[in-house]
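Peer 1: Right, I'll just put the structure down here and ask away after.
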Amino acid sequence: MRKDWDTYFMDIAFMVSTRSRCPRRHVGTVLVQGKKLLGTAYNGAPMGVQDCSEAGCMIVEEFEPAPAGSTEMIKKQRCIRTIHAEQNLLLFTDRVDREGSVVYVTDQPCWTCANMLANSGIAEIVYYRPYPKDYDKVAALMEQRGLIFRKLDNYTPPADTEVQDGS
Ligand SMILES: [Zn+2]
Ligand SMILES: [Zn+2]
């Protein structure tokens, strides 16, 4: 059966994500204008700088609210060595090309990436894996900004493109 466009571009985003050298999280993203692929990016250290596989992850610990309306705070570890995939995508594409385009990304963008994407000229964000921590504020931002923000349902990533231990 022929792949629909959503599946086609999300599959490419997952293939791109396998380039990431951060063992904690592999994120891939592609920029699409009409049906044309304008750019690809994944999370990684700046060029010429040691990446997570060479220098190890750069871990910070942060407290964030526990899910499901609890007031409890839980400690989370996050790797900050990499530039997020969405930010790399913006660094390597042109503003004029982005006007009205669609971003496919393997993971729901974090608050900072969503905020930047909202100001980047794109019209739509399609993601697959949820990121509940930032969902509410990102969804509110997208609605306010009038951007389409949707999770791809009934989708299965290509074989061997997901990290086993994504934390
Ligand atoms: Zn890392
Ligand atoms: Zn991000």
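Cβ atoms here come from the backbone N, Cα and C positions, even for glycine.
So TrEMBL says this about it:
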ACT_SITE  GLU86  active site, proton donor
BINDING   HIS84, CYS110, CYS113  Zn(2+) binding site
DOMAIN    4-149  domain 'CMP/dCMP-type deaminase'
Peer 1: For the domain 'CMP/dCMP-type deaminase' (4-149), how many residues does DSSP put in helix, in strand and in coil?
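Peer 2: Taking each residue of the domain 'CMP/dCMP-type deaminase' (4-149) in turn, the totals are 50 helix, 43 strand, 53 coil.
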Peer 1: Rank the binding-site residues CYS110, CYS113 by how many other Cβ atoms lie within 10 Å of each Cβ and give me the one with the fewest.
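Peer 2: The binding-site residues CYS110, CYS113 were compared, and CYS110 has the fewest Cβ atoms within 10 Å.
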Peer 1: Could you please provide the mean pLDDT value for the domain 'CMP/dCMP-type deaminase' (4-149)?
Peer 2: 95
Peer 1: Using a Cβ-Cβ cut-off under 8 angstroms and a sequence gap of six or more, which residues of the chain neighbour the residue listed as 'active site, proton donor'?
Peer 2: VAL27, THR29, ALA41, VAL103, VAL105, PRO109, CYS113, MET116, LEU117
Peer 1: Determine which residues of this chain, when HIS84, CYS110, CYS113 are set aside, have a Cβ within 8 Å of the centroid of the Zn(2+) site's Cβ atoms, and list them as they appear in the sequence.
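Peer 2: Going along the sequence, the neighbours appear as ALA85, GLU86, GLN87, PRO109, TRP111, THR112, ALA114, MET116.
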